[in-house]
Amino acid sequence: MSSDTRILGIEGTAWAASAAVFDGATDDVFIESDAYEPDSGGIHPREAAEHMHDAIPRVVETALEHAHNTFDGPADEAPIDAVAFSQGPGLGPCLRIVGTAARALSQALEVPLVGVNHMVAHLEIGRHTSGFDSPVCLNASGANAHLLAYRNGRYRVLGETMDTGVGNAIDKFTRHVGWTHPGGPKVEAAAEDGQYIDLPYVVKGMDFSFSGIMSAAKQAHDGVSASSASGGSSDERRESDGGTPIEDICFSLQENIFGMLTEVAERALSLTGSDELVLGGGVGQNARLREMLEAMCDQRGADFHAPEPRFLRDNAGMIAVLGAKMYDAGETLALEDSRVDPNYRPDQVPVVWRTDEPELAVGRADGETQVRGAEALVSLDPDAGRVTKRRESKTYRHPELDERLRRERTTLEARLTSLARREGVPTPVLSDVDPLEARLELEYVGDADLRDALTAERVRDVGRHLARLHRAGFVHGDPTTRNVRVGRHDGSSEERSANSREPDPNRTFLIDFGLGYHTDHVEDYAMDVHVFDQSLVGTADDPEPLREAVREGYREIGEESVLERLRDVEGRGRYVDST
Ligand SMILES: C[C@@H](O)[C@H](NC(=O)OP(=O)(O)OC[C@H]1O[C@@H](n2cnc3c(N)ncnc32)[C@H](O)[C@@H]1O)C(=O)O
Ligand SMILES: Nc1ncnc2c1ncn2[C@@H]1O[C@H](COP(=O)(O)OP(=O)(O)OP(=O)(O)O)[C@@H](O)[C@H]1O
Ligand SMILES: [Fe+2]
């Protein structure tokens, strides 16, 4: 869709005081920005707000001048159709200054206001510049990190950080070693001379967390002598007794953190059936992250797009571009609804500007004998009742990390698949394991993936299964609607005759235990249910009754305290400020 709409956008959620003019007729985006650069430490909300106070009027004036200069309409008409502004998420004091400026400008020019969600803008700019129809989006910014996909009128959060945003995690590390804000580019530069060291790697379904790896990185650094913590510019490798060179830490941080982001992006592609990925957010300026995402997409035959850097870091261009789409769809704001929201979630936004576009088609064709999951190539032989699963080497991952993950996960999958079965949870019988080749041979189970056969009754059954695993002291780690098989098909004929009754068509089997682990933490159990929840949100049109059904099933067997903790978990991963 193209239009002649002209929008002035204003951005100022944290560090970038920015104004832009988008011209729908020419697709031209003019951006004027003024960055806040803290003298020391991270972003101070009060200082950032002072910066907005000074800089917003200046950048708006420059943008407005550009709007006048490029306007060929009547002299008594406003040179733009509307003023769009970042309504959230972001730092409250900064957002309020932006809101006030936007309201004043819309009143002075007598044009409407459009309130834009900053995170949706990070996503939409990539969709706009790529021309992709329905991509999965990885937002890798300072205060956030999440995967979004469009479904049924909303951008659904398929996965997100369980603690800090990815940029903030990196910035906290660089602050710890005494480097100035922002740390991302400095880590990227230092990583060029680094070698791989082992650091934690944590993904849970499509969620992930950075706290473990960041504290390990700080500890590794603290083993380094004080003289070596001076900066990232020196060429000599700085090492002391038992210490780790900062270059190696930076290199490995990038390999693991971006490896995690790339892995969850691949999971999201696999789960939604999409073959398009766009990147958004300031960390997207990192060349290694882009390289990994590109390699991952190449390997699975998907298309990848990253907007140019001026559209990745915070900027008002993306606010103006999305503002135009919203304006064209009639999404303007009354003054009384123009309040800013520091915790504005992307999935709160009704996506009214995309009604004509197709939703993702999912499902496996009948008779297919090879399936590409997010991790593995799976060869299916339903007639022989057998499946061969091989975790492929990922070209985007560092070879050491790649080997470690494939071996560990294969071993775990074998062990936990059998253990679950002993706990009364239907799983495929294992006939062979080869950890070195990352290969498993399993019984073929079910007639369909739960994703393609969702009912409340089946989902309730999964709730019971998860509770059984948790009661036995371990988690599945990746319970998605693609990791549950449904139906009668059960290769183990001995068991069938032993039970001497027809298998239940609603029977559900859990597969793919590679991300599972032993734990007695309520938090881990709650996360397990949360991961399943998010996959329901990503694959069902009306997820609410299904989410309720999981809880009902869980309650029959599991502990109420897990469901209580789940409510806590759901409240997290929200906007965390950068101080
Ligand atoms: C809510 C909003 O205020 C916030 N914006 C934000 O965080 O600014 P953004 O421009 O998207 O990202 C800034 C982050 O991006 C990181 N960054 C910049 N260049 C980088 C690079 N080359 N490698 C890694 N990180 C980089 C910085 O270290 C910083 O943490 C957000 O979108 O989460
Ligand atoms: N034992 C099995 N019986 C029947 N189908 C299976 C079996 N194992 C796997 N499949 C099919 O293959 C698909 C991918 O398998 P699996 O989830 O184990 O691979 P993966 O690469 O780990 O996938 P992902 O990481 O995307 O969940 C499943 O969604 C399912 O359709
Ligand atoms: Fe941002």
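Just so you know, glycine gets a Cβ as well, placed from its N, Cα and C.
Here is what TrEMBL records for this protein:
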- 30-320: domain 'Gcp-like' (DOMAIN)
- His118, His122, Asp314: Fe cation binding site (BINDING)
- Asn139, Ala140, Ser141, Gly142, Ala143, Asp171, Gly184, Glu188, Asn286: L-threonylcarbamoyladenylate binding site (BINDING)
- 223-246: region 'Disordered' (REGION)
- Gln370, Val371, Arg372, Gly373, Ala374, Glu375, Ala376, Leu377, Val378, Lys389: ATP binding site (BINDING)
- 478-505: region 'Disordered' (REGION)
- Asp478: active site, proton acceptor (ACT_SITE)
- 487-505: compositional bias 'Basic and acidic residues' (COMPBIAS)
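Feature map: annotations from TrEMBL on the structure.
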residue	record	contacts (Cβ under 8 Å, 6+ apart)
His122	Fe cation binding site	Cys137, Asn139, Ser141, Gly280, Gly281, Met318
Gly184	L-threonylcarbamoyladenylate binding site	Gly167, Ile170, Asp171, Gly282, Val283, Gln285, Asn286
Asp314	Fe cation binding site	Glu11, Thr13, Ala14, Trp15, Ala16, Ser18, His118, Ser141, Gly142, Gly282
Gln370	ATP binding site	Leu377, Val378, Ser379, Leu380
Arg372	ATP binding site	Ser270, Arg300, Val378
Ala374	ATP binding site	Glu263, Glu266, Arg267, Leu269, Ser270, Leu271
Ala376	ATP binding site	Lys389, Arg390, Arg391, Glu392
Asp478	active site, proton acceptor	Lys204, Gly205, Arg267, Asp512, Gly514, Leu515, Gly516, Val531
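Within the model, the domain 'Gcp-like' (30-320) carries an average pLDDT of 92. Contact annotation for recorded positions (Gln370, Arg372, Ala374, Asp478) versus ligand 1: none, no CB falling under 6 Å from a ligand atom. A helical conformation is recorded for His118 (Fe cation binding site) in the three-state DSSP classification. Here the Cβ of Ser141 (L-threonylcarbamoyladenylate binding site) has 24 other Cβ atoms within 10 Å, regardless of which shown protein chain they belong to. Every protein chain shown contributes to the tally, and the Cβ of Ala143 (L-threonylcarbamoyladenylate binding site) ends up with 25 other Cβ atoms within 10 Å.
Of the listed binding-site residues His118, Asn286, Val378, the Cβ environment within 10 Å is emptiest of other Cβ atoms at Val378. Among the binding-site residues Ala143, Gly184, Asn286, Asp314, Gln370, the ones whose Cβ sits under 6 Å from an atom of ligand 3 are, in sequence order, Asp314. Checking the binding-site residues Ala143, Asp314, Ala374 for a CB within less than 6 Å of any atom of ligand 2 leaves Ala374, listed in sequence order.
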